[in-house]
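Visitor: Feature list, courtesy of Swiss-Prot:
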BINDING   170, 171, 172, 173, 174, 175, 176, 177  ATP binding site
COMPBIAS  10-21  compositional bias 'Polar residues'
COMPBIAS  32-43  compositional bias 'Basic and acidic residues'
REGION    1-72  region 'Disordered'
REGION    439-446  region 'DNA-binding'
């Protein structure tokens, strides 16, 4: 009958799917049913048994968590400009590293032949990393610009940080005395001192011409140009005082006690900021009598006791960066407490290299060699320029600075040079990996 009625079984027809053991015997309506069609079967929510028997779906109900995408999957116009700016800086740095005399033991870094080759062959991963480095450099420049004037020069050495302890290193004839006066007249030490104590081994060592130069330049540094051809004093004193003292007077016991009425420094600090300048005193500093308290203990007591004393500065001149005689430990303590080291390029290269090796341990070797090359260039081509190292700069761009009578105090941005060298290493690593995989591919083809 079935054959006659055309109800023949189809060949190769699959059997009915077996009942799911987890399925309820009686169908139950879905949690959200159609109110107009109550009997209409709807898909159940996750966790419910379906109302009809069907194969389990091969796809999960929950969508897979999408993977994080790259920051940039294409290079737009602004990114191309950033990369071009970075590329120009990289070319300048790589050329400087290649041409400097200290580059003999430096590892050469591979690079693209042109900016167009970098864009076409660099790849998304490399270009994104370079853009991140460029963004970091831009942020560093923005943060540093807050402390610079319109010409890009630093406006101060200490930016009101107290106490200000500085060491000046340089041989005879490199302009140390002129530098000390320029620090006062250019207002690179803030606040401006109202009293300057000039310490020498003997008082009669200073010629009258130098005394007149000191008095003139500290007076010049006490004023700024105001409106309508007026001048504005920068301290509470119209005429700052210049006091000469011998090293023996400095080391009197009464001058260590801030409560003593005969303490000459306390009397001056009760009226305003003070500065102590020690010149030609290296032999006395190497003696047995210690004066290290002038570098750490004495300033804190003086600043706490006299509110008008908003600034305490000590500047010590040394002819040798590593003197053999330091019986009292004064020079060693000075180097530890000094926040600023002002170095003449005329200092012996062996002493310079030792100082650079100690204070550039966080920088790549190439940047340390670049700094040595900068010192060497100014040693051969300039006379009265200085390189300044700040242990506690207000911004990382100002760890190393360059002081010129013509250009002023300029940051050297060695931290940015380190980031640029990091970008060169990133390019070198990419090209090296590609060459290694190319060699591996050709070796397998053989």
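Glycine too: its Cβ is placed from the backbone N, Cα and C atoms.
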Visitor: If you count other CB atoms within 10 A of each CB, which of 172, 177 wins among these binding-site residues?
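Guide: When each Cβ's neighbours within 10 Å are tallied, 177 tops the list.
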Visitor: So, three-state DSSP: helix, strand or coil for residue 172 (ATP binding site)?
Guide: coil
Visitor: Note the Cβ centroid of 170, 171, 172, 173, 174, 175, 176, 177, the recorded ATP site, then list each other residue of that chain whose Cβ lies within 8 Å of it, in sequence.
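Guide: Checked against the 8 Å cutoff, the neighbours are 319, 344, 346.
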Visitor: Whose Cβ, among the binding-site residues 171, 175, has more other Cβ atoms within 10 Å than any of the rest?
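Guide: Selected residue: 175.
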Visitor: Counting each residue once, how many in the region 'DNA-binding' (439-446) are helix, strand and coil under DSSP?
Guide: 7 helix, 0 strand, 1 coil
Visitor: Counting Cβ neighbours within 10 Å across all chains shown, tell me which of the binding-site residues 170, 173 comes out on top.
Guide: 170
